[in-house]
Amino acid sequence: MPSGCRCLHLVCLLCILGAPVKPARGNDCSSLCDLAHGCCAPDGSCRCDPGWEGLHCERCVRMPGCQHGTCHQPWQCICHTGWAGKFCDKDEHICTTQSPCRNGGQCVYDGGGDYHCVCPPGFHGRDCERKAGPCEQAGSPCRNGGQCQDDQGFALNFTCRCLAGFMGARCEVNVDDCLMRPCANGATCLDGINRFSCLCPEGFTGRFCTINLDDCASRPCQRGARCRDRVHDFDCLCPSGYGGKTCELVLPVPGPAATADSPPGPTLAVLVPATGPIPHSAGAGLLRISVKEVVRRQEAGLGEPSLVAVVVFGAVTAALVLSTVLLTLRAWRRGFCPPGPCCYPAPHYAPARQDQECQVSMLPTGLPLPPDLPPEPGKTTAL
C-alpha cells in the first residue's frame with residue numbers, strides 16, 4: 001500500500017491494488033466525517049449512508065411530510081412542543097390560539113391535536129358553521145339524489161340542485177330524453193335517467209337506428225348474381241338463364257318453332273327449380289302452355305299528348321279572338337242622344353255633331369279631349 005494512504009470501509013480498494021491514483025487525505029476525512037453514518041471517498045469527501053445527510057453525515061432525514069418535528073433516527077417525526085399528529089401538523093393549542101368554533105360555539109381539545117365544538121341551539125357542523133335552516137327543517141326535501149341548498153341555513157327558503165336528468169322544485173320530474181325524437185326510421189325511443197335508447201325496427205341498427213343493415217352481407221344471391229341491398233330486403237340481378245329470389249331457378253330452354261297449325265300467341269313455360277343437371281333432350285321435364293293473345297291494334301290517329309296540345313292551342317286562340325272582338329266593340333260603340341249635347345259628359349262622349357252621334361273617347365278619366373275640328377261638308381264626325 002502506498003505510504004500516506006489510509007483505507008476506510010474498503011473505500012480505498014484502489015490503494016490496496018496499487019492503482020495509480022491520487023492518495024486520499026485519510027486522516028483529514030476521518031477526523032471530519034461521521035464514520036458511523038458514512039465513509040470517506042477517495043477525494044476526501046464524506047459519502048452518507050441512506051437516511052443521513054449533511055456535510056459530515058451528522059443529520060438524520062425526517063419522515064416525508066413532517067412539519068413541526070425532528071428525528072433521532074432516519075424517517076422519524078418527533079413533534080416539537082405544542083404540536084401533535086403523525087406529521088406534527090396539529091396545533092395542541094388550537095382552541096386558544098385559533099378559536100375555530102363559530103357562532104358562539106365552545107371549543108374542547110381532545111388531545112393529539114383534535115378538538116370538537118359544542119354548538120349553541122340552532123347551529124351544527126364541525127365548527128358550528130351551519131344553521132338549522134329550511135333544508136334541515138324540511139328533512140332533506142330534494143328527491144332523486146338532489147342536493148338541498150339554503151346558504152348553510154341562513155336562507156329563507158331552500159333550493160334543490162338536481163342531478164342530470166331530473167328537474168322540478170324538488171327534482172321529482174324525470175326529464176323526457178325522447179322529447180326531441182332522436183330515434184330515426186320509426187324506431188321506438190325508450191326514456192331512461194339522463195339517457196335514452198332506441199328500439200330499432202328490422203333492417204336498422206345503431207344508436208339512433210340510422211344504419212341500414214346490409215342484407216347482402218350473407219351473399220344470398222346464387223349463380224354469381226349481383227346483390228342490391230334494400231331496407232330489410234335485397235334484390236338479385238340474375239344472369240341470363242336464371243331467375244327467382246336468389247337466382248335459384250333455371251329458366252327453360254326455348255322449345256321448337258311453332259307449327260303452322262298452332263294458333264298464334266306466346267308460349268308460357270313453367271320455371272323448374274335447378275336441383276339437378278338440365279336434360280339435354282329438348283323440352284324434357286318442361287310443361288309448355290300455348291296462350292292465345294288477342295291484340296287490338298290502335299287506329300291511326302293523334303296520340304294523347306298531341307290531342308292535348310291541339311285543345312290547349314285552340315282554347316288560347318279562341319280567347320284571343322274573343323278579347324279582340326270585345327275591345328273593338330267597346331271602342332266603336334255608338335250612342336244616340338236627344339237634340340242638344342250628348343247625354344253623357346266627357347270623357348265618355350264628346351258633344352254631338354249634326355246627326356247627334358256621340359264620339360267615343362279612349363283617353364283615361366281626367367285627360368282633356370282633343371279640340372273639336374269643324375266637320376267637312378256632307379260628312380259626320382265619329383271615332
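In case you wondered, yes, glycine gets a Cβ from its N, Cα and C as well.
Residues annotated as signal peptide in Swiss-Prot: 1-26.
The annotation topological domain 'Extracellular' is assigned in Swiss-Prot to 27-306.
Look at Swiss-Prot and you will find Cys33-Cys46 (among others) tagged as disulfide bond. Secondary structure at Cys46 (disulfide bond), taken from DSSP and collapsed to helix, strand or coil, is strand. Other Cβ atoms within 10 Å of the Cβ of Cys46 (disulfide bond) number 21 in total over all chains.
The feature disulfide bond is assigned by Swiss-Prot to Cys48-Cys57 (among others). The 10 Å shell around the Cβ of Cys48 (disulfide bond) contains 19 further Cβ atoms across the protein chains shown.
Here Swiss-Prot flags Cys79-Cys88 (among others) as disulfide bond, drawing on sequence analysis. Cys79 (disulfide bond) falls within a strand segment according to DSSP.
Per Swiss-Prot, the feature disulfide bond maps to Cys95-Cys107 (among others). Under the DSSP three-state reduction, Cys107 (disulfide bond) is assigned to strand. Within 10 Å of the Cβ of Cys107 (disulfide bond) there are 17 other Cβ atoms, across all protein chains.
Cys101 (disulfide bond) falls outside any helix or strand according to DSSP and counts as coil. Residues or ranges marked as disulfide bond by Swiss-Prot on the basis of sequence analysis: Cys101-Cys117 (among others).
Residues annotated as disulfide bond in Swiss-Prot: Cys135-Cys148 (among others). Reduced to three states, the DSSP call for Cys148 (disulfide bond) is strand.
Sequence-distant contacts of Asn157 (N-linked glycosylation site), defined by Cβ-Cβ distance under 8 angstroms and a gap of at least six in the same chain, are Pro134, Asp150. Per Swiss-Prot, N-linked glycosylation site is recorded for Asn157, and the stated evidence type is sequence analysis.
Every protein chain considered, the tally of other Cβ atoms within 10 Å of the Cβ of Cys171 (disulfide bond) stands at 21. What Swiss-Prot lists as disulfide bond is Cys162-Cys171 (among others).
Annotation comment: Swiss-Prot describes Cys183-Cys198 (among others) as disulfide bond, evidence class sequence analysis. Secondary structure at Cys183 (disulfide bond), as computed by DSSP, is coil.
Sequence annotations record features per position, and here Swiss-Prot assigns disulfide bond to Cys200-Cys209 (among others). The number of other Cβ atoms within 10 Å of the Cβ belonging to Cys200 (disulfide bond), over all protein chains shown, comes to 21.
What Swiss-Prot lists as disulfide bond is Cys216-Cys227 (among others), and the listing cites sequence analysis. Long-range C-beta contacts of Cys227 (disulfide bond), restricted to its own chain and to partners at least six residues apart, with a cutoff below 8 Å, comprise Asp215, Cys216, Arg219, Pro220, Cys221, Phe234, Asp235, Cys236, Leu237.
A strand conformation is recorded for Cys236 (disulfide bond) in the three-state DSSP classification. What Swiss-Prot records for Cys221-Cys236 (among others) is disulfide bond, and it gives sequence analysis as the kind of evidence.
Cys247 (disulfide bond) falls within neither a helix nor a strand when secondary structure is assigned with DSSP, and so counts as coil. If you look up Swiss-Prot, you'll see Cys238-Cys247 (among others) marked as disulfide bond.
Tertiary proximity for the transmembrane segment (307-327), restricted to same-chain residues at least six positions away from its ends with a CB under 8 Å from its CB atoms, involves no residues. Positions annotated as transmembrane segment by Swiss-Prot: 307-327.
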Within 10 angstroms of the C-beta of Cys135 (disulfide bond), what count of other C-beta atoms is obtained when all protein chains are considered? 24
Measuring C-alpha to C-alpha, could you say which of the disulfide-bonded residues Cys171, Cys183, Cys198 are within 10 Å of Cys209 (disulfide bond)? Cys183, Cys198
Across every protein chain in view, the count of C-beta atoms other than its own within 10 A of the C-beta of Cys236 (disulfide bond) is 21
